[in-house]
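As written in TrEMBL, here are the features:
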DOMAIN    196-269  domain 'PA'
DOMAIN    382-571  domain 'Peptidase M28'
DOMAIN    636-758  domain 'Transferrin receptor-like dimerisation'
REGION    251-275  region 'Disordered'
TRANSMEM  20-39  transmembrane segment
Amino acid sequence: MPTTESTPLIQQVPVAEPRLIAVPILTLVIILFCIAVGGDSDLFGEHEKALLSSTANQFPDLSLPHAAWPESEGLSYKALKKLLLDTPDPDKAREWSKYYTAGPHLCGKNLSQAEWTRDKWVEFGVKQADIVSYEMYLNYPVDHRLALLRADEVVYEATLEEDVLAEDPTTGLADRVPVFHGYSASGNVTAGYVFCNYGTYDDFEDLKEAGVELKGKIALVKYGGVFRGLKVKRASEMGMVGVVMYSDPGDDGEMTEKNGYKPYPDGPARNPSSVQRGSVEYLSIAPGDPTTIGYPSKPGVDRQSPEGIIPDIPSLPISYAEALPLLKALNGYGPNASSFNDRWQSGGLGYKGVQYSIGPTPAETSIHLMNEQDYVTTPAWNVIGIINGSIPDEVVVLGNHRDAWIAGGAGDPNSGSAALNEVVRSFGAAVKQGWTPQRTIVFASWDGEEYGLLGSTEWVEEYLPWLSDASVAYINVDVGAIGPVFRAAAAPLLNKAIYKVTGEVRSPNQTVEGQTIRDTWNGHISTMGSGSDFTAFQDFAGIPSIDIGFEAGPGSPVYHYHSNYDSFHWMDKYADPGFKYHATMARILALLTAKLSEEPVVQFNATDYAVGLKNYLQTVKQKAATSNLSPLTPATFHPLDKAIAQLHDISVSFDAKASSLSTQLQSSTSTSAFAELYASVKTINTKYKFLERQFLHAPGLDGRSWFKSVVFAPGLWTGYAGATFPGIVEAIESGNQTGVDRWVGIVEGKVKGAVDLLVDQ
Ligand SMILES: *[C@@H]1O[C@H](CO)[C@@H](O)[C@H](O)[C@H]1NC(C)=O
Ligand SMILES: *[C@@H]1O[C@H](CO)[C@@H](O)[C@H](O)[C@H]1NC(C)=O
Ligand SMILES: *[C@@H]1O[C@H](CO)[C@@H](O)[C@H](O)[C@H]1NC(C)=O
Ligand SMILES: *[C@@H]1O[C@H](CO)[C@@H](O)[C@H](O)[C@H]1NC(C)=O
Ligand SMILES: *[C@@H]1O[C@H](CO)[C@@H](O)[C@H](O)[C@H]1NC(C)=O
Ligand SMILES: *[C@@H]1O[C@H](CO)[C@@H](O)[C@H](O)[C@H]1NC(C)=O
Ligand SMILES: *[C@@H]1O[C@H](CO)[C@@H](O)[C@H](O)[C@H]1NC(C)=O
């Protein structure tokens with residue numbers, strides 16, 4: 001079993017301050033580690049109880065800290081907000097974007113970008129900034145081949161290259177990154193193949209039902225629908241021996257060559273040679289370094305076999321140009337996709353002569369798929385910057401990943417990185433004016449997100465005791481700006497903060513004078529799933545999280561996700577010319593951070609959480625009604641209904657109390673009046689802080705124990721999309737009545753724990 005000892009975050013960080021680390025939380029952490037490495041789960045009942053009572057009873061120091069309200073030192077909240085809105089500069093964002101996209105920055109391959117980022121942050125005024133490194137188990141591409149054979153003759157040899165474009169220097173870099181999949185298995189197979197649509201669980205069920213032979217074949221699948229690793233997982237479970245994935249223009253909306261649009265670089269349609277790289281780790285089973293699930297990948301730790309978390313069959317990503325010969329060679333063999341259900345009707349290459357026949361190919365036709373990967377354990381580098389606040393046990397973290405699959409990455413992730421740098425520069429400007437935040441602010445530039453959320457997951461695993469005790473919220477930005485459409489996902493506790501802040505930032509596209517982002521946005525906030533660095537915060541550590549960005553709209557150019565064409569040139573010419581959306585993203589992130597760090601009363605809304613839970617339960621009930629578990633009746637969920645209703649009631653009065661305290665603080669002017677209110681504020685804030693934590697279940701979800709939240713997890717077979725009440729839903733899906741009852745009981749217990757936390761004592 002690995003050591004649970006944390007090394008200091010960076011030298012001066014408050015991690016080591018013993019007062020901050022409550023003993024019961026440490027106990028929980030040790031238990032989490034034990035389960036992660038196969039410890040004795042019988043111990044859990046006791047420790048869960050310890051957790052519940054500990055967080056509810058763990059009251060902080062109520063004496064007024066130095067530099068507390070009404071005003072932060074140096075700068076009023078109002079003046080700070082103005083500074084945060086005025087500082088972000090599109091030209092600077094463009095400069096940072098140009099820097100990050102100048103050369104390859106795969107995880108563990110570009111220390112100089114980490115050092116540059118740290119140095120910039122220090123120069124901006126965030127002096128406590130340093131590199132925090134881990135040793136990640138991961139793969140780099142060595143060699144590959146994909147050929148179409150007919151009776152051993154090569155009839156088509158794929159180049160496995162994206163076209164070099166004269167207009168776009170990134171595409172022709174000598175050290176550009178080959179096309180490959182992160183965590184794919186090495187392999188060398190020759191076999192017939194089958195068109196498996198999107199390769200989702202349901203697609204494979206359809207194929208099984210139609211009697212299509214899958215065993216021993218290679219799967220030719222489209223990107224889309226679910227996380228790519230889960231396509232490989234299911235193909236492997238079906239006895240298939242390899243997977244070839246391509247991007248079908250049928251999923252590109254309006255902007256297609258078929259509709260008369262020119263492809264990049266001459267127009268907004270997909271370049272036919274573009275290839276989507278990406279990870280095939282089984283992200284819904286566990287993210288992070290697959291050899292250190294649940295504990296940090298520090299040098300010298302024990303490592304487990306990654307079996308069951310990364311694929312055991314090879315896979316390769318290709319372009320639609322190179323998929324065409326493979327698709328056409330299927331014409332006339334097996335059933336047509338058109339004879340299947342709706343999900344199978346979206347292929348966009350019919351006009352190129354593809355019939356979308358499913359196959360399998362006849363005996364003489366096969367694919368040779370060779371994939372050689374070098375697996376190594378290699379250093380990777382997070383950059384962590386900290387501005388100490390006046391309240392040491394309340395922390396807000398803002399993060400973005402830096403690593404990309406390609407030399408470019410102007411959209412993913414470096415539009416977010418450019419925006420983050422502008423946020424740091426804005427807060428740095430405040431620090432230079434003598435400002436101190438109320439709550440501690442942590443900035444993070446993660447490495448290795450692309451392989452499987454590595455940098456953020458290992459960091460959360462390492463600092464779990466401190467984060468469990470002190471963190472209030474995590475804000476994530478991955479793709480910051482690739483179009484004009486604002487998108488948000490969040491824990492319901494944070495809905496209110498997002499609505500407020502988007503109403504305070506002007507839209508860069510003023511179709512009506514004074515228009516804010518809130519005015520241009522449909523207001524939809526998605527549920528948290530996975531797919532970016534908030535996962536360890538939200539799903540493992542119970543820290544309410546936000547994930548935002550500007551995405552492409554219906555009229556936007558096609559986004560060349562994980563392709564060489566996600567380049568600086570593409571961003572500058574098509575996606576965000578003028579970098580206005582980059583600067584706008586920086587303003588939103590900065591105001592969100594300030595809203596969560598500076599308002600005396602933490603800007604959460606517990607009622608929204610209760611309403612969220614009620615809605616999620618409604619969805620579960622609908623699912624139950626259509627399941628083949630006949631004894632499932634509304635009565636099954638009655639205890640949970642009751643607990644959620646109770647939580648709702650108590651939340652309404654709790655939020656009202658919080659809101660009235662806020663008002664009192666605003667109207668009281670003397671320091672002594674503040675001192676009097678401080679104890680009440682601190683109590684409220686502490687309860688808000690621990691509310692999301694109440695929904696952690698130490699043994700984790702069945703079959704994927706790393707996931708501790710009973711409310712949010714990635715869908716087992718979708719990977720990205722948020723599944724709510726995953727324990728209950730998976731028991732329904734697997735037709736397990738005992739499991740349903742057990743999970744309803746577990747969730748009910750958690751909701752009651754939340755009630756106990758909020759109730760007056
Ligand atoms: C930040 O806070 C920590 C712990 O309270 C302290 O050790 C450190 O010196 C502080 N850093 C600065 C720059 O004040
Ligand atoms: C690291 O990134 C910088 C800036 O983007 C780039 O110029 C350089 O080529 C990269 N270095 C390596 C070793 O790939
Ligand atoms: C792959 O297998 C073929 C035979 O099926 C063999 O000729 C070739 O050398 C193998 N390549 C590698 C890299 O192992
Ligand atoms: C599949 O569709 C093509 C036309 O796209 C048609 O010619 C062919 O007969 C169909 N095959 C089957 C098995 O339905
Ligand atoms: C600005 O908004 C209008 C109205 O929604 C839209 O038609 C136009 O394309 C937008 N312009 C940009 C540059 O996003
Ligand atoms: C909290 O959320 C509820 C439900 O959305 C809303 O009615 C209430 O006004 C909110 N309270 C505050 C203080 O924002
Ligand atoms: C059904 O759920 C119960 C309780 O969670 C569990 O013990 C049992 O193993 C499950 N049965 C199956 C077939 O998965």
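The chain as shown is numbered from 1 upward.
Glycine residues also receive a Cβ, built from the backbone N, Cα and C atoms like all the rest.
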Local confidence of the domain 'Peptidase M28' (382-571) - pLDDT mean: 97
Helix, strand and coil counts within the domain 'Transferrin receptor-like dimerisation' (636-758) (DSSP): 87 helix, 10 strand, 26 coil
Secondary structure composition of the domain 'PA' (196-269) [DSSP: H/G/I, E/B, coil]: 22 helix, 12 strand, 40 coil
